[in-house]
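Database features, via Swiss-Prot:
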BINDING   Ile8, Gly9, Val10, Gly11, Thr12, Gly13, Pro14  FAD binding site
Amino acid sequence: MKKSVDFIGVGTGPFNLSIAALSHQIEELDCLFFDEHPHFSWHPGMLVPDCHMQTVFLKDLVSAVAPTNPYSFVNYLVKHKKFYRFLTSRLRTVSREEFSDYLRWAAEDMNNLYFSHTVENIDFDKKRRLFLVQTSQGEYFARNICLGTGKQPYLPPCVKHMTQSCFHASEMNLRRPDLSGKRITVVGGGQSGADLFLNALRGEWGEAAEINWVSRRNNFNALDEAAFADEYFTPEYISGFSGLEEDIRHQLLDEQKMTSDGITADSLLTIYRELYHRFEVLRKPRNIRLLPSRSVTTLESSGPGWKLLMEHHLDQGRESLESDVVIFATGYRSALPQILPSLMPLITMHDKNTFKVRDDFTLEWSGPKENNIFVVNASMQTHGIAEPQLSLMAWRSARILNRVMGRDLFDLSMPPALIQWRSGT
C-alpha cells in the first residue's frame with residue numbers, strides 16, 4: 001500500500017532542509033523529503049580552504065522566523081561546545097566548511113529525510129486528488145509537493161565537454177588536481193573564481209608555474225554590502241518587487257547584481273595583499289595575470305593542454321592563452337526538473353524554460369486548488385535578487401508551510417517599512 005502524506009519535498013539542499021527543520025514544529029503535518037544522494041552534502045566540490053559565506057550566520061535554516069527551533073546555528077554551536085570560542089573569534093561570517101557541517105548536523109538529526117531515494121517521476125492522480133511520487137525505493141502519495149532540485153553548473157558554449165584538465169569549479173575539491181608546475185586559468189570573476197584563484201596562488205594544489213584569472217567584468221568587483229543594499233534581502237522589498245512590470249524587474253536585477261555576485265571586500269583585500277607580498281616584497285617572477293573585460297570565445301585542445309581565444313570587451317582586441325588546466329567558475333543556471341513530464345501539460349509556463357510562479361511560491365497549474373506545487377530557488381525574475389540566496393530561506397519556508405496548513409503558524413507580519421519602495425506606501 002502506498003503511503004500518503006501532506007507534503008513531499010524533492011531534494012534536500014538548504015532550502016528544502018529549512019522547510020524540513022521548521023516542519024518539526026508542526027505535529028499534525030506529515031512530510032517527507034527525498035534525495036538521490038547517499039547522504040547529505042552541500043557543494044562538496046567548493047569546500048576549499050579560506051572560503052567564507054557571504055551572509056551572516058543568523059540567516060540560517062530557521063532563526064528568522066523561529067529562533068527557538070532546535071535547528072538554529074546558535075544551537076549547533078551550543079551542541080558542539082564551541083559557543084564561547086565562536087564568539088571570541090569575532091567571525092563576521094563563517095567558513096563554508098563550518099556552515100556545511102551545520103547543515104549536515106541538522107540533516108542527520110531529522111527523521112523525515114530519505115537519502116538514496118531518487119525521484120523518477122511525479123504524476124497527479126485525479127481520482128485520489130493527490131500527487132503520485134515515484135521513487136527508486138517505492139511510490140508515495142502527497143497533497144503538496146515542493147521542487148528543490150537546485151540549479152546546474154553552467155559552462156560557456158565554447159566548452160564542449162569536461163575533462164580531467166577542464167572542468168567546472170563545483171568539482172574542484174572533489175578532483176583536487178595536482179597543479180604543480182602547470183599553467184592554470186580560472187575563468188569567472190565572482191566569489192568562486194576569487195576563492196579558487198587565492199588558493200591556487202597559495203599553492204593549495206601545488207605550486208603552479210602560471211596563474212591567469214579571466215573575467216568578463218571590467219574589474220574584480222566587490223560585493224555590495226552597504227546597509228541600504230541589504231534592504232533588497234528583506235520580505236518588505238520582495239513584496240514590492242513582485243508587483244512590478246516584468247521589464248522593470250529585469251532592469252532592477254541587473255542594477256542589483258553586485259549585491260549577490262560580487263566578491264567580498266575581505267577576499268579582495270586578501271588577494272591584493274598576497275600579490276603585493278609575492279611581487280613587491282619577495283620579488284618573485286610575475287607569473288600571475290589578471291585579465292578582466294574578456295570573454296573566452298573559443299576553447300581548443302593544444303597538446304596536453306588548452307588554447308583559449310579571448311575577446312576584449314572595451315578595445316575589441318583578440319588574445320590567445322595557453323593553459324594546462326582550465327577551471328570555469330561560471331556559476332549555475334536554472335534547469336527544468338526531468339521528473340515532470342506527466343505534470344508539464346498541467347503547468348503554466350512563463351517561457352519554455354521558466355515556471356510561472358505566484359507570490360506564495362506555488363506554480364500556476366490547472367489542478368485542484370488544494371493541491372500545490374511549490375518551488376524554491378526558481379523565481380528570481382519574480383521574487384528578486386534574494387531568491388537564490390540563503391538570506392530569506394527561513395522566511396520563504398515559513399510562508400510555504402503557512403500555505404500548506406491553511407493558517408499562519410509562523411508570524412510573518414512585517415514592521416513599518418524603512419524605505420517606501422512603491423508609490424502610495
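Using N, Cα and C of the backbone, Cβ positions are placed for all residues, glycine too.
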Count of other CB atoms lying within 10 Å of the CB belonging to Ile8 (FAD binding site): 25
Gly11 (FAD binding site), number of other Cβ atoms within 10 Å: 21
Which same-chain residues, if any, lie at least 6 apart from Pro14 (FAD binding site) yet have Cβ under 8 Å of it: Trp42, Leu61, Leu103, Leu390, Met393
Neighbourhood of Gly9 (FAD binding site), C-beta criterion under 8 angstroms, separation at least six: Asn16, Ile19, Ala20, Cys31, Leu32, Phe33, Phe34, Ile145, Cys146, Gly148
Binding-site residues listed as Val10, Gly13, least Cβ neighbours within 10 Å: Gly13
Secondary structure of Thr12 (FAD binding site) (DSSP, helix/strand/coil): coil
CB contacts for Thr12 (FAD binding site) [other CB atoms within 10 A, all chains]: 27
